[in-house]
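Enquirer: The structure follows.
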Amino acid sequence: MVLHTMSQTVVLGVIGSDAHVVGITILEQAFSAAGFDVVNLGVQTSQEEFAEAAVAHDAQAVLVSSLYGHAEQDCQGFHSVLEEAGVDAVSYIGGNLAVGQDDFEQTRKTFRELGFDRVFDSETDPEEAIAALREDLEITPTESERATISS
Amino acid sequence: MVLHTMSQTVVLGVIGSDAHVVGITILEQAFSAAGFDVVNLGVQTSQEEFAEAAVAHDAQAVLVSSLYGHAEQDCQGFHSVLEEAGVDAVSYIGGNLAVGQDDFEQTRKTFRELGFDRVFDSETDPEEAIAALREDLEITPTESERATISS
Amino acid sequence: MIRDERIPADELQRIDEEIRSNWPTGADVDFEEAIEYHESLPEHKRFADVLESADKPLLQPRAGVPRLDDQIELLEYLHKEGQADLLPTTIDSYTRDNEYEKAQQGLEKARETGDDTLNGFPAVNHGVDGCRKLIDAIDAPIEVRHGTPDARLLAAITFAGGFQSFEGGPISYNIPYTKRHGLEETIERWQFVDRLAGAYTERGIRINREPFGPLTGTLVPPSIAIAIMLVEGKLAATQGVRSLTLGYGQVGNVVQDVAALNALKKLGNEYLPDEVVVTTVFHEWMGGFPPDEARANGVISLGGMTAAIAQPDKVITKSPQEFQGVPTKEANASGLRTTRQVIDMAIEQKIDIDGIEEEQDLIERETRCLMDTIFEHGDGDVVQGTLKAFDSGALDVPFAPSDSAKGAVLPARDDDGRVRIFEWADLAMDDDIKEIHKARLSQRATTEGRDQSFRMVADDVDAISDGKLIGRPQGDV
Amino acid sequence: MIRDERIPADELQRIDEEIRSNWPTGADVDFEEAIEYHESLPEHKRFADVLESADKPLLQPRAGVPRLDDQIELLEYLHKEGQADLLPTTIDSYTRDNEYEKAQQGLEKARETGDDTLNGFPAVNHGVDGCRKLIDAIDAPIEVRHGTPDARLLAAITFAGGFQSFEGGPISYNIPYTKRHGLEETIERWQFVDRLAGAYTERGIRINREPFGPLTGTLVPPSIAIAIMLVEGKLAATQGVRSLTLGYGQVGNVVQDVAALNALKKLGNEYLPDEVVVTTVFHEWMGGFPPDEARANGVISLGGMTAAIAQPDKVITKSPQEFQGVPTKEANASGLRTTRQVIDMAIEQKIDIDGIEEEQDLIERETRCLMDTIFEHGDGDVVQGTLKAFDSGALDVPFAPSDSAKGAVLPARDDDGRVRIFEWADLAMDDDIKEIHKARLSQRATTEGRDQSFRMVADDVDAISDGKLIGRPQGDV
């Protein structure tokens, strides 16, 4: 398992005009420590910048963070942009995804419908996301092998 | 003026079942420092004990304190008791005199009608009561002179 | 003549029977059956064990309402939402005056109308079964807190009812609370309470006893409070109590409060027999509170900070609604959480403040003067010594309403905000100690440009509720 | 090539005219007339004088709403009910992005509907007259607080509008706030702001300038914050600023916070020219707050306690509603009063904590390393040195969103809760200092039975909002 993940690349960033950097700094450290190659795009990253980086680094995963409450707006059409660029990667989103986060299940549903494979709230430990990604990448062994070659 | 007040006696106490002692301790000190002879009856003092002490010490003033909100009840008939015992002294009351002290003027009126010469709220400085007592005792010079002889 | 001697078994039984006949619920107390009930309680409800094994200060609020269901709901709330470690059951005023009939009427009225006509939980009226329903329902240890000069029946019923901690003592529940209960009388009655706790203790049920440290709650000089804690601790130990929590009320000067808690712990272990486990409890500010929740939170936090540094075994918290009397359960829980946050943020920090040892040394010397005078007055007997020392004024408590204490001693803060003695009256104290206090107060007088006088005392009494520690003259210094 | 040199008079005038043409209200600025207006202000509205002559820490909240009348009402409330000594006017986000048209739309919508569609006071849109109405209405000094990388027009209008204090700086309002504004660009723009303040200063109107000390607000090691304060202070002094308030954000360890404030004051006086009056401002905890007002009050009170000991010239307070964003005016006033109560109770106490000098010495040595590397990188020029040191990573800020800083340095708390550096990246620091940090973090790792890792960083970021200072592993130590 460790062997597989050693060479997998994840692209990471905060979408939209959001400037909250602490969360992705922690995520960058956590995914690096877990053996992933991490491309951290930082804050205020556009949909196009995510797509370009995913293509350039042949990423297996795109991890989107949003903490300022406008994630739904910022992610409209995001998966079309990824698709058009030819990105074939799992996509996760996490953070404070709605302003009045009364019902997270509703929020999860919204973002699943937008195209994200997994949706996390702001209380999620990095370990949880790492475990999920390992699971998601291992159930598609061909991708895992390709990753081993490509990185 | 100092000569007059040097020999005036005041009786001091907390009426009813009230056990708040700090206020009268401060008052005892303040009136003593101002030159009065102070008889401090302490907390939980009955109407009769006030009257007896005022007679025994030929007091010029009876100062009643109440902080637990039941003063009106505790003072019903107090001035009849004083009168029957033959007490001829000014009487003051001060403290937290009503539970919901929204309108102190109303409270003052209530206690003036019960027979008190002056009514003070709990924020009153001892100096204010002392100044008032000096004024009240000086405008009745015969009493002042009698006090000089009797003490 | 009453002395500091253990009540003999037959005398204990005689009083017990007599006292239990004072109210119908007394008949339900069965000592052997009560032991069995206590033995059935899980470890996390055993007050003494939980308190003595804690590795950081445990928090406990004050709380009591008349009806059982309401009391259960209140304590559950404080446990869950306030994260209280230890819970209280505060007893109503009628019960404190042994007026069980009036308490019964109040309880019935509360049950009928839903209004709280009593200011606490009438445990005697609820009886052994009512108490056990409370103990069973709450998943934490619970202490009986009251203010009762004659607490014999209350103790008999609450001990049998499963409570394992009981606040109060013959001096601390007399001097600050009542005018006319004689001290000799209250000592005799508390000897019974302690002996009963001792009887449970001998059977393996260690009832924790907690003398009430804050006394009159108003600028009590630490050494006076500590001396009274030591006396009450000794009296309890004589009767067989083995878990004693000595109390101290915050005066607001951090150095003096930490020094006092250190001295309390040290002298407690020194003066009490080895077989007694001594713990300490710190009461957040017991004087007048600011009439403003925001400012009250500041007062509470200063208490939390002090507790983080001194690390007493327990802290009794205040609520931001202290000014207006009994707090809502939300405000009560809020005071707990504010205190918890401050303690948890500060407790891992190394905060060694200069001058604590020096202040502790002064407090210890003062306390020894008072203890020496008590032993001398009683010719070695603590009971007689206490009675005679209070009588002569060699032992005294400032602002004491009781006729049993002269209440002639007056405190005032020094220039640093530490509580010193301004008027000694007849308090037994070495002259060199008096000189130290005098010099400190003189320094304040110089700073303020006024003479030392009772005016400082009056200003200090109101200072914290007015937003400051020291009652400086108006217009600042 | 931009250098640390005073903008010449003709250049100042050229930029001033250009900048004032960016929005219609710019035309109303008349420097000579503005000087007259400032001269007409009473003493108690002169920010620098009030701050510099205070004999205890002055309190200031954050507050800004779009409409003038509402802003007046809000500040009056905070002044009267919160007893704030100094008042703020916080600027909206559109203005911070120089989007005056959007700010105008938001202001008009606010005026029509009564809703606050802006998150602050759009001072540029209110113009000189609007600002003066505010200054005239409020009986205390008011500072402009914002977060604007290019604050030239905002400064021109608010200075002419009567404000005498202006927060921010080229690094502190760039690195923590924005991704793509180049540092060279923001330095150039802030040279104008400072030069304008200097021009007023030369005419006797001392505009107070306050670099933003907390930076990213998250576990910023004191020496990094102080070095940036010194750089911004030097840049401002070069342009003629003579009243500088250097800032520092609470990290929560009392010893480290007091030491840092002491070091900030000392180094500020050392590194800045003699003609500059240096004051300090302490920001209550700028990291994540507990989602609970009671616990938030504990965090605020620890800040008040620290301020009472360190005695900075000013304290920026937080409100118990910090977790949820912009507080109600009542909560804002409540944070002020809680802080005031703690400070006033503790400030007269002598609280000398062991180890403050040692920690201060460490912070000073670290800061000197950073200042040395800046001077070296710039061959004596602070502007070039700052640009090149950030570029090389020799100077860095943890958790910096800006592309102008590497943001590769990572902090973590040691076993005592002091902020140390866990990942140095390319930060210029003597090896013996790095060894000290490493040893302290190693001690924590031992206590916690885990390796030093980014996991500590992550745990520490959340610790205070979770109720503790140090992010210990779950299940306690």
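Backbone N, Cα and C atoms are what each Cβ position is placed from, and that goes for glycine too.
A TrEMBL annotation is a machine prediction, not a hand-curated record.
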Enquirer: Among D:ARG20, D:ARG96, D:ARG111, D:ARG206, which residue shares the L-glutamate site with D:ARG62, D:ARG145, D:HIS146, D:GLU167, D:TYR173, D:TYR177 according to TrEMBL?
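Expert: Answer per TrEMBL: D:ARG96.
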Enquirer: Name the one residue among D:PHE47, D:PHE159, D:PHE289 that TrEMBL lists for the same adenosylcob(III)alamin site as D:GLY64, D:ASN119, D:PRO176, D:LYS318, D:GLU322.
Expert: D:PHE289
Enquirer: Calculate the distance in Å between the alpha carbons (Cα) of D:PRO176 (adenosylcob(III)alamin binding site) and D:ARG62 (L-glutamate binding site), and round it to a whole number.
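Expert: That comes out at 18 Å between the alpha carbons.
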Enquirer: Validating a neighbour-count step here. Other CB atoms within 10 A of the CB of D:PHE289 (adenosylcob(III)alamin binding site): how many?
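Expert: I get 22 for this one.
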Enquirer: What does the structure give for the C-alpha distance between D:TYR173 (L-glutamate binding site) and D:PHE289 (adenosylcob(III)alamin binding site)? Integer Å is fine.
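Expert: So the Cα of D:PHE289 (adenosylcob(III)alamin binding site) lies 22 Å away from that of D:TYR173 (L-glutamate binding site).
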Enquirer: Quick check: of the binding-site residues listed here (D:ASN119, D:LYS318, D:GLU322), which one has the Cα closest to that of D:ARG62 (L-glutamate binding site)?
Expert: D:LYS318
Enquirer: What other residues of this chain sit with their CB within 8 A of the center of the CB atoms of D:ARG62, D:ARG96, D:ARG145, D:HIS146, D:GLU167, D:TYR173, D:TYR177, the recorded L-glutamate site?
Expert: D:THR90, D:ILE91, D:GLY147, D:THR148, D:GLY168, D:PHE212
Enquirer: Rank the binding-site residues D:TYR173, D:TYR177 by the number of other Cβ atoms within 10 Å of each Cβ, and give the residue at the low end.
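Expert: If we count Cβ atoms within 10 Å for the binding-site residues D:TYR173, D:TYR177, the smallest count is at D:TYR177.
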Enquirer: How many angstrom lie between the most widely spaced Cα atoms of the adenosylcob(III)alamin binders D:GLY64, D:ASN119, D:PRO176, D:PHE289, D:LYS318, D:GLU322?
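Expert: So the maximum pairwise Cα distance among the adenosylcob(III)alamin binders is 21 Å.
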Enquirer: D:GLU167 (L-glutamate binding site) has how many other Cβ neighbours within 10 Å of its own Cβ?
Expert: 27
Enquirer: Helix, strand or coil for D:GLU167 (L-glutamate binding site)? Use DSSP.
Expert: strand
Enquirer: Helix, strand or coil: which one is D:LYS318 (adenosylcob(III)alamin binding site) in, per DSSP?
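Expert: It is coil.
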Enquirer: Tell me whether D:ARG145 (L-glutamate binding site) sits in a helix, a strand or coil according to DSSP.
Expert: strand
Enquirer: How many whole Å apart are the CA atoms of D:HIS146 (L-glutamate binding site) and D:GLU322 (adenosylcob(III)alamin binding site)?
Expert: 17
Enquirer: Please identify which of D:ARG62, D:ARG96, D:ARG145, D:HIS146 has the densest Cβ environment, defined as other Cβ atoms within 10 Å, among these binding-site residues.
Expert: D:HIS146
